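Enquirer: First the structure, then my questions, so here it is.
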Amino acid sequence: MTSTLKSGSSAHLQAGALRRFVATPSFFLLVIIFVLVIVLGSIKPAFFNGPFVIAPLLTGISIFTVVGLSQMVVLSIGHMNLAVGPMAAFGAMFMGLSYELWDLPLVLGLALGILAGAAMGALSGWLVARTGVNSFIVTLAMSFALIGLVPTVYSWLSAGSAFTVKPDGLDEIGRSSFSAICVNGACGSNAIPLIVIPALGVMLLIGYLYSHTRLGRELLMTGSNVDAAQLSGIPTGRRIVLVHSLSGALAALAGFLLAASTGSFTPGIGQEFMLQSFVGPILGGTLLAGGYVSVTGTLLGITLTLVIRKGLDLFGVGLETLNVLLGVILLIALSSDQIRLFFGRRRTRRPAQVDRTSPPPGPKLAQPSVPEEISA
Amino acid sequence: MSSTIALEANGLSKSFPGVKALDRVNLRLMSGETHALMGENGAGKSTLIKILTGVHRPDEGALSVAGSIADIHSPAAAMHAGIGVVHQERNVIRGFTVGENIVMSRMPRRGPRVDWPAVRREAKRCLALLDLELDPDTPMARLSSAQTQLVEIARGLYTETSILLLDEPTASISDNEADRLFRVVRRLTEQGTAVLFVSHKLEEVFAHCDTVSVLRDGRSVLESEPLSAHSRDEIVDVMVGRSLAALEVPERAVDRSRPPVLELSDVDTASGHRGVSLELRSGEILGLYGLVGAGRTELARAVLGLDRVTSGSVHVRGARVSIRSVRQALESYRIGYVTENRKEEGVFLAQSVTRNVAITVWSRLERMLGYVSTKSERALVQKYVTELDIRISGQRQLVGQLSGGNQQKVSLAKWLAAKTEILIIDEPTVGIDVRTKRSFYDLIWKLADDGLAILLISSDLAEMITLADRIAVMDRFAITGEVENSHDYDEMSQSIIRLIHGHAAVT
């Protein structure tokens, strides 16, 4: 930083940015994913099969990145949302209802469902801000309530506990690839599903929010120290409600994407979301205690777990073994902090006199530095 | 009284990041005496107590108990050496009962199990020493703050100690309750216990203590001298340090004909203020002096809309206002607040310097879609980093890595960047060494000369008399008087202390 200020040369600036990137979890994840893909691909060339392996993998990454971001936004203020899955189910339920019972077009149903998710999030946020009860407890309660409510509504209103009416365009979003898009006879790849588009859109939006806007900065400051944020003029109560709504909205969107890829709206949507929602952001360097997020890291964290899953799947490893392995890999990946710290230390040596109470609490006791920019 | 040396400290030094808290401090505590330890906030009293009780270890120096060198490396070791303590902070566990809290340091046991009848018996015994009729099974959470303090004292009496350290035990209890405490203290000293008594209350010290030691800026300025040899004024003088009080004060002209920018008339607040009236003009430094707990910070909170104003009126630049949030105070009325608890409320330790300073100006830098340009943000912050001479390795540096003085500058810089016109500065130099203090004083004068209206809250009398143009004295949530500052230390300290104690005598 000092060097960039003094010299001002762009080469210097890029070198600084590169070194900062190397010190982030994202870089580490990128290396692991790259090595893993090479190894998997060379042992099992089938791993590179476009329509049957890569396309479903990308679909999963797209959906779960949105799930991860839904958790990441609440983590940014040091809260959590244990109801990510049930909120997705709740939102998806409204979408299913809109299409099956009210014959609404795709966009309207989607908007309604996202609003429903956001409303549930707003309710959690309001309860947290109003009562001061920990978000863990509030969203846990919310989760129970929704897990009970959603299947009940399905059993009343749907035949066979699922809404199966598909509005125009649903299959295109959820089950088509770029091969369906042809310009002058040249069609896109069948390895890349169209569902990556909404996921990328969300990533760009959230990335922009945290790296370039006032609101994103205020959320991070709230996460760092809520008392200081309030005394600096940030309306922390409103920020809490807002961020929980955003989480609910993103959860509902993830629910929609999952329903679009499977073809029906069921009460089971979101059952696998909760653990994944934490794994992605945390692997990617987002602090549980708040104050630092990484959108790229979330994408890469999700990608890593899904690549491992897909790879082991190809080797015929059973689901149980797979989960055990995922747990082990998660532990290893999280301790990789020490390795990153080694790289980070060359740049910002933490002075020995730093107050022991000062670094952010949470699993990452040794965050080497907090990069200013968060690239989407 | 033939007494022996109960505890002796020689040349104790202790440093914390950025501050030398103790510098070759000596203390000699005789058995059977009540020894007053005095000094201003931040003088090093609490650090000394913490060393004597094994919470901190000294960087240099030696301790001896009853004539032999003692290695007090932990609170348990201190207890073993016969040193008991009543801490200033509430160290009770609110989820436990009174009895459990009292005997916590050594639970009576029968085999592996807690001996509950003994817990109750012991707790009752300690409470009886203070004439307290409390059921040992009462949950702590149900007690008033005075009762909590008394339980804290009872806890100090639980174990047999030859040395008892009392760190401001009377700060939050009534005179009546304090009297009971002093009766117990007298009984203990008659039995040969040595008592070290930390207090800000001169009356108490002169009424109940035999010997006095005074610390100032981490140094011993009076070492274990008989109290009878000194007058109150002398004690106050050595506590505050005339040399600092006699600092060169710049010539300041405040235009009193101007209408006030901030005016409180007859304000009552939800936190307990009654009939508070103040006027503050731009370019003026109004000091708000009082003891800890007098309600000064709470008044600041009320002005900022964090606590409710229940009656009376607040005017900003002539217009009556009702402020409900810090954001409104800042954006509509240009009022800023540099908080007292720097690390907890003033700065974001895990965030960069840029963000710590820019937090108040994002609303101004915001463009379409909430876009804030990092470049303009950095340029703005750089301006204040240079202006306040904040020592950083770069704007990306985390504020947690800066020294206390630089953190305080960061905490101040955000309000300057926000272009506030009224600035409330709460205890600006606590935990900051003398030299940095001086540069802060220059900065505050400069800000006032530039037209800022400053409400300065401080418990440091010398600081008040050095900095303020006028001093309002607050005691128990009411203004007891206001004096024009002549910068003459003797005269000012007399009249201010009279304002506090005169009021105390009436109530």
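Keep in mind that glycine also has a Cβ here, set from the backbone N, Cα and C atoms.
For reference, TrEMBL lists these features for the protein:
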| type | residues | note |
| --- | --- | --- |
| REGION | A:350-376 | region 'Disordered' |
| TRANSMEM | A:21-41 | transmembrane segment |
| TRANSMEM | A:53-75 | transmembrane segment |
| TRANSMEM | A:82-102 | transmembrane segment |
| TRANSMEM | A:108-129 | transmembrane segment |
| TRANSMEM | A:136-157 | transmembrane segment |
| TRANSMEM | A:191-211 | transmembrane segment |
| TRANSMEM | A:240-262 | transmembrane segment |
| TRANSMEM | A:282-307 | transmembrane segment |
| TRANSMEM | A:314-334 | transmembrane segment |
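How buried are the listed features, and what sits near them?
Expert: Same-chain residues lying 6+ beyond the ends of the transmembrane segment (A:53-75) with a Cβ under 8 Å from its Cβ atoms: 46-47, 81, 84, 87-88, 135, 174, 177, 190-193, 195-196, 198-199, 202-203, 206, 219, 223, 243-244, 246-248, 250-251, 253-254, 257-258, 261, 273, 276-281, 284, 286-288, 290, 293, 295, 298-299, 301-303, 306-307, 310, 314.
Within its own chain, the transmembrane segment (A:108-129) has Cβ neighbours under 8 Å at 79, 81, 83, 87-88, 90-95, 98-99, 102, 135, 138-139, 142, 146, 167, 236-238, 240-253, 255-256, counting only residues six or more beyond its boundaries.
Proximity of distant same-chain residues to the transmembrane segment (A:136-157), defined by a Cβ-Cβ separation under 8 Å and at least 6 residues beyond the stretch ends, is recorded for 80-83, 85-87, 89-90, 93, 97, 101, 120, 123-124, 127-128, 163, 266-267.
Long-range neighbours of the transmembrane segment (A:240-262) within the same chain, counting only residues 6 or more positions beyond its ends whose Cβ lies under 8 Å from a Cβ of the stretch, are 59, 62-64, 66-67, 69-71, 73-74, 76-77, 79, 81, 83-85, 87-92, 94-96, 110, 113-122, 124-126, 128-129, 135, 170-171, 173-175, 195, 198-199, 202, 215, 219, 222, 269-270, 273.
Through the fold, the transmembrane segment (A:314-334) approaches residues 29, 32, 40, 44, 46-47, 53, 279, 282-283, 304-305, 308, 363 of its own chain, all at least 6 residues removed from its boundaries and within a Cβ separation under 8 Å.
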Enquirer: Verify whether three or more Cβ pairs under 8 angstroms connect the transmembrane segment (A:82-102) with the transmembrane segment (A:282-307), leaving out any pair fewer than 6 apart in sequence.
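Expert: Answer no, regions not in contact.
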Enquirer: May I ask for the residues of the chain that lie six or more residues beyond the transmembrane segment (A:191-211) and have a Cβ under 8 Å from a Cβ within it?
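Expert: Hits for the transmembrane segment (A:191-211): 50-51, 54-55, 58-59, 61-63, 65-66, 69, 72-73, 76, 172-178, 180-181, 217, 219-220, 250, 253, 257, 260-261, 293, 295-296, 299, 373-376.
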